[in-house]
Amino acid sequence: MNKTSTLKRKGKPFPFLGIYGAFVYFYLYFPLLVVFVYSLNSSRSTMKFEGVTFDWYMRLFQNKDLLNSLFHSLQVSGLAVLFAVIVGTSGALFLNRIEFKGKDFFRTLAMLPIILPGIIVGLSLLIFFLNLKLQLSMWTVILGHMSFTTPVVMFQVLARLARLSRNLENAAMDLGANPFQAFIYVTFPMIKRAVIGGALLAFTMSFDEIIITYFLTSTFNTLPIYLYGMLRFGLSPEVYAISTVVLGLSILLIVLMAKYTGSSEETVVIR
């Protein structure tokens, strides 16, 4: 009897934990729901809801400035992530395979662009580029985005490499494969989920970045910069609509990232 009572008491040690959890989720996601609802509002006023319409979404495709800024964001994020994957994966292999003095310090140094405030990184890069006499353009924005996307990819891949044994790679080389073939057919299949997951996370961070972009761009507008400019004229259904589209894209990327970073067995092919 006493044992049963003890088990019942242990089953719910914190009776208000569920309410607290519900409040946290409400606080996090209710504003997103409000943005979606008001993106369907037929009235331009944000103070009242008059009806449902998809006109604001249709107008997005008629706004050339917005479409150009969206294309610029995709262009910058895509190129920044492409270079970040190459540099970040190489850096992860370097830190995993090579032992040298000051390795821990170098690892911490590589993490700084993620830890430091964006305003510090953006201002530092702006001064650096101006001293090099580089004209602010799309490429300075891409280089700026690489400063924080590269560590994201690198530490994702490094965490995966730390859990791998090199026995399979050594066995492949014993069977006649050169180091490049061993990496392509043995190591890469085992780390590709970490590479893809890191790339998706880096793309999400790059696509939403505004502070570093603001410092490193001239007349080159990305979508976050364009939205910031729209907000200076007040909230409108167009802002809600494009915010909902960006939110949907971010959710899609998060779902894909969860899929590719989830625990599963990688298939290793030795040719």
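Each residue, glycine too, has its Cβ placed from N, Cα and C.
Feature annotation from TrEMBL assigns domain 'ABC transmembrane type-1' to 70-257.
Under the heading transmembrane segment, TrEMBL lists 20-40 (among others).
Counting only same-chain residues 6+ beyond the ends of the transmembrane segment (76-96), those with a CB under 8 A from a CB of the stretch are 103, 106-107, 110, 138, 141-142, 145-146, 149-158, 161-162, 191, 195, 198-199, 202-203, 206-207, 213, 222. Taken from TrEMBL, the feature transmembrane segment covers 76-96 (among others).
Summarising the annotation, TrEMBL assigns transmembrane segment to 108-130 (among others).
Here TrEMBL flags 136-161 (among others) as transmembrane segment. Tertiary neighbourhood of the transmembrane segment (136-161): same-chain residues 72, 75-77, 79-81, 83-85, 87-89, 91-93, 95-96, 110-111, 113-114, 121-122, 125-126, 129, 190-191, 193-195, 197-199, 201-203, 205-206, 209, 212-213, 215-218, 220, 222, 261, selected by CB-CB distance under 8 Å and a gap of 6+ residues from either end.
The transmembrane segment annotation in TrEMBL covers 182-204 (among others).
What TrEMBL lists as transmembrane segment is 210-227 (among others). Among residues of the same chain six or more beyond the transmembrane segment (210-227), those with a C-beta under 8 A of the stretch's C-beta atoms are 65-66, 68-70, 72-73, 76, 118-119, 121-123, 125-126, 129, 135-138, 140-141, 143-145, 147-148, 239, 242-243, 246.
Per TrEMBL, the feature transmembrane segment maps to 239-258 (among others).
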Across 108-130, 182-204, 239-258, the most C-beta pairs under 8 Å with the transmembrane segment (20-40) come from 239-258
